Ligand code: NAD
Ligand code: MG
């Protein structure tokens, strides 16, 4: 029986993880969960799964919660997330599943690494901002980092046992997001509701906006570089509207292998949870005849400047990745609160990156300082 420590249990990935635990009660036991503003959801999950530890948003909600569940260990805030990640240090039969959104996921990941707990990572911002820190920790600690993000999960399946110098390139597909049929001019007055209406995937609001701007694909290029220790020049992206091919690997011998499935995150989550085994899932079987209609389009970085900004931040390195992420988090938040227009998102990110002088290899403290500074500047100017 594997013990699950689940960060972000109330989100889109978190809930799909709970579906899998629910279906495989003999194989997984939920030990700890976190949530943020979704108090009622946390009550329900606790009632159903009886976790030993629950982490809430703040002290007030934690106190309220502990009256309902006096036997559950309750904590809150960023410190609570860190404690959850390393809760029951001696438990070696455990996974931390990180389904938090945003750079708040970085420190709990580090905490789990320090107790050599394996991590199933959905939180890509961890690698965008702190990939270099995770690489440093690899030298000191022994742990596995398994990707849940569908494209990277597909690459992991495709790359199993292949030699790194046999890889010519990794190819990541993108659905194109909610605005794939709109021109740059059309984008000027798009609404939040239009942006949140993703054609192929149902996900949390931040990643849905990141998909519409294509920042999500930029983050995924960076994620691939860290996960598979590969040069950014060997990671390509294409628009693939059907979202049936999730990734491909081209090898030096001319072979290209691809991963196909209906778009459903239950599959990559289950693959990571059961690795190296596989189980039956309830996902819709892929109708092979659909492959008659697969389309691929060259990625146009003028149409999607956020992809170019992300690649640029990765190449500039160090703290520029923190700036990229912090500016994106703040700008997406402002857009979701109707305080800026859709195209302001890329404008704000570019502005913050232009102003920044790169620090190589920033420490966690420096990352926090830069993150706070960038967000403060943006909220002061645009709110
Ligand atoms: P979501 O918004 O649905 O859920 C986010 C979770 O994080 C929630 O449980 C929420 O309570 C928690 N959270 C949010 N802000 C917090 C904070 N400040 N402190 C503590 N907890 C906080 O997001 P999601 O769509 O499930 O995405 C989670 C992560 O997985 C993201 O990094 C996303 O990019 C990645 N991802 C998601 C999908 C998907 O299909 N949803 C696919 C691939 C990758
Ligand atoms: Mg993805």
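Positions of Cβ are set from backbone N, Cα and C atoms, glycine also.
When DSSP labels each residue, the domain '1-deoxy-D-xylulose 5-phosphate reductoisomerase N-terminal' (4-131) comes out as 61 helix, 28 strand, 39 coil, counted as helix, strand and coil in that order. As annotated by TrEMBL, domain '1-deoxy-D-xylulose 5-phosphate reductoisomerase N-terminal' applies to 4-131.
Taking the Cβ of residue 12 (NADPH binding site) as reference, residues of its chain lying under 8 Å away and at least six apart in sequence are, in sequence order, 99, 202, 203, 204, 207, 265. Residues or ranges marked as NADPH binding site in TrEMBL: 10, 11, 12, 13, 123, 125, 204.
In the three-state DSSP classification, residue 198 (1-deoxy-D-xylulose 5-phosphate binding site) falls within coil. Taking the Cβ of residue 198 (1-deoxy-D-xylulose 5-phosphate binding site) as reference, residues of its chain lying under 8 Å away and at least six apart in sequence are, in sequence order, 175, 177, 178, 208, 211, 212. The annotation 1-deoxy-D-xylulose 5-phosphate binding site is assigned in TrEMBL to 124, 150, 151, 175, 198, 211, 216, 217, 220.
Taken from TrEMBL, the feature domain '1-deoxy-D-xylulose 5-phosphate reductoisomerase C-terminal' applies to 145-228.
Look at TrEMBL and you will find 149, 151, 220 tagged as Mn(2+) binding site. Here the Cβ of residue 149 (Mn(2+) binding site) has 28 other Cβ atoms within 10 Å, regardless of which shown protein chain they belong to.
Taken from TrEMBL, the feature domain 'DXP reductoisomerase C-terminal' covers 261-376. Mean model confidence for the domain 'DXP reductoisomerase C-terminal' (261-376) is a pLDDT of 97.
For residue 204 (NADPH binding site), the count of additional Cβ atoms within 10 Å of its Cβ stands at 17 [all protein chains shown].
Within 10 Å of residue 124 (1-deoxy-D-xylulose 5-phosphate binding site), counting C-alpha to C-alpha distances, fall the following of the binding-site residues 10, 11, 13, 149: 149. Checked against ligand 2, the binding-site residues 125, 149, 151 give 149, 151 as the ones with a Cβ under 6 Å from it, listed in sequence order.
Of the recorded residues, residue 123 (NADPH binding site) and residue 149 (Mn(2+) binding site) place their C-alpha atoms 8 Å from one another.
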